[in-house]
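Asks: As annotated by Swiss-Prot, isopentenyl diphosphate binding site applies to 88, 91, 120, 160, with the evidence given as similarity to another entry. Positions annotated as Mg(2+) 2 binding site by Swiss-Prot: 150, 154. If you look up Swiss-Prot, you'll see 150, 154 marked as Mg(2+) 1 binding site. The annotation dimethylallyl diphosphate binding site is assigned in Swiss-Prot to 159, 237, 238, 271, 278, 288, 298. As annotated by Swiss-Prot, Mg(2+) 3 binding site applies to 274, with the evidence given as similarity to another entry.
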């Protein structure tokens with residue numbers, strides 16, 4: 001084998017050495033800013049590798065960041081779509097109203113709003129859009145005609161007058177986006193810097209899913225709950241995000257006032273009002289579809305009262321079993337519910353609950369011109 005003599009340092013390409021002044025080395029933190037000794041061959045080779053690695057690493061990092069941003073846009077698309085739909089943002093207003101008392105820093109309040117907002121949108125995607133999808137038990141793969149949409153759980157085809165997310169992005173992508181939102185919300189909690197925040201988050205999500213589980217069980221098993229069972233379920237499910245928000249606010253505040261009983265009451269008012277509007281409001285029908293609780297087969301507050309008042313109300317139970325989309329059948333169903341005095345009973349229940357909430361506000365020393373008083377006024381049924 002022919003042995004080549006080692007190449008002397010002065011025979012190496014001089015341009016390579018001239019390319020990097022001591023200033024260049026210093027800027028890249030490869031050596032001190034001034035030196036009286038020129039780089040040795042070993043130093044030159046080391047720097048060359050360092051520069052190549054740095055450039056490659058920087059480029060790869062930028063590429064990875066761009067890829068992550070693109071993936072985030074794709075994964076979050078159903079969330080962003082639903083979040084862009086017009087709405088009253090009652091939860092955000094409620095959080096701001098409670099902070100009139102607790103006065104936590106605005107940056108902390110915004111974190112709590114983001115957490116609750118993400119969980120709310122996730123619940124709309126997953127609880128309402130996905131879990132309300134019905135499949136024929138004899139089929140292993142559902143066809144398009146078998147999707148019942150209220151977002152997937154409620155059977156509705158509209159949300160705020162526009163198509164539900166899973167009709168645009170598909171069921172699988174919508175499920176994934178909802179789960180992604182749960183973990184994004186959880187990651188936001190770490191910015192609060194309070195270990196107890198994660199305990200509160202976990203406790204309330206467990207309660208929320210327990211409530212939702214019972215709601216689905218009654219619907220899918222065609223079991224009509226008692227009024228007391230329904231109110232307990234609502235306190236767990238609908239009250240969950242309200243309770244999460246107020247507990248996180250209280251965690252950040254020096255104010256020791258306990259507002260959880262008030263929040264629980266507001267959650268019940270909110271849900272019963274929604275049940276009533278679903279079957280009685282023209283605007284609700286325009287935004288979400290006519291009589292969607294009937295199509296879903298849901299045991300809502302007025303429906304439960306009607307069934308219990310009429311000794312099981314076999315007609316109403318049979319209609320719920322059918323999960324009908326026929327508007328004439330749904331109009332007849334509403335007549336049945338009206339005939340048992342169930343809408344009037346629901347109105348009176350809301351009046352009673354609202355009076356209790358006002359009394360609680362007064363006992364807490366809340367001004368009637370406050371944000372919370374305004375929210376209660378908004379929740380009152382307008383005849």
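Note: Cβ is positioned from N, Cα and C throughout, glycine not excepted.
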Asks: Suppose we draw a 10 Å sphere around the Cβ of residue 298 (dimethylallyl diphosphate binding site). How many other Cβ atoms does it contain, all chains included?
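Replies: Counting Cβ neighbours of residue 298 (dimethylallyl diphosphate binding site) within 10 Å gives 23.
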Asks: Using C-alpha atoms only, work out the spacing between residue 298 (dimethylallyl diphosphate binding site) and the residue listed as 'Mg(2+) 3 binding site' and round it to an integer in Å.
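Replies: On Cα coordinates alone, these residues lie 13 Å apart.
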Asks: Sorry to bug you, but what's the C-alpha spacing from residue 288 (dimethylallyl diphosphate binding site) to residue 274 (Mg(2+) 3 binding site), rounded to the closest Å?
Replies: 12
Asks: From the Cα of residue 91 (isopentenyl diphosphate binding site) across to the Cα of residue 237 (dimethylallyl diphosphate binding site), what is the distance in angstrom?
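Replies: So the alpha carbons of residue 237 (dimethylallyl diphosphate binding site) and residue 91 (isopentenyl diphosphate binding site) sit roughly 14 Å from each other.
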Asks: Rounded to an integer, what is the Cα-Cα distance in Å between residue 288 (dimethylallyl diphosphate binding site) and residue 91 (isopentenyl diphosphate binding site)?
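Replies: Between the alpha carbons of residue 288 (dimethylallyl diphosphate binding site) and residue 91 (isopentenyl diphosphate binding site) there are 19 Å.
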Asks: Output, ordered by sequence, the same-chain residues six or more apart from residue 238 (dimethylallyl diphosphate binding site) with a CB under 8 Å from its CB, or 'none'.
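Replies: In sequence order, 211, 267, 268, 270, 271 meet the Cβ cut-off.
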Asks: Here the binding-site residues are 271, 278; which one has the lowest number of other Cβ atoms no more than 10 Å from its Cβ?
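Replies: Across 271, 278, these binding-site residues, the one with fewest Cβ atoms within 10 Å is 271.
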Asks: Quick one: Cα separation, residue 91 (isopentenyl diphosphate binding site) versus residue 278 (dimethylallyl diphosphate binding site), in Å?
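Replies: That comes out at 19 Å between the alpha carbons.
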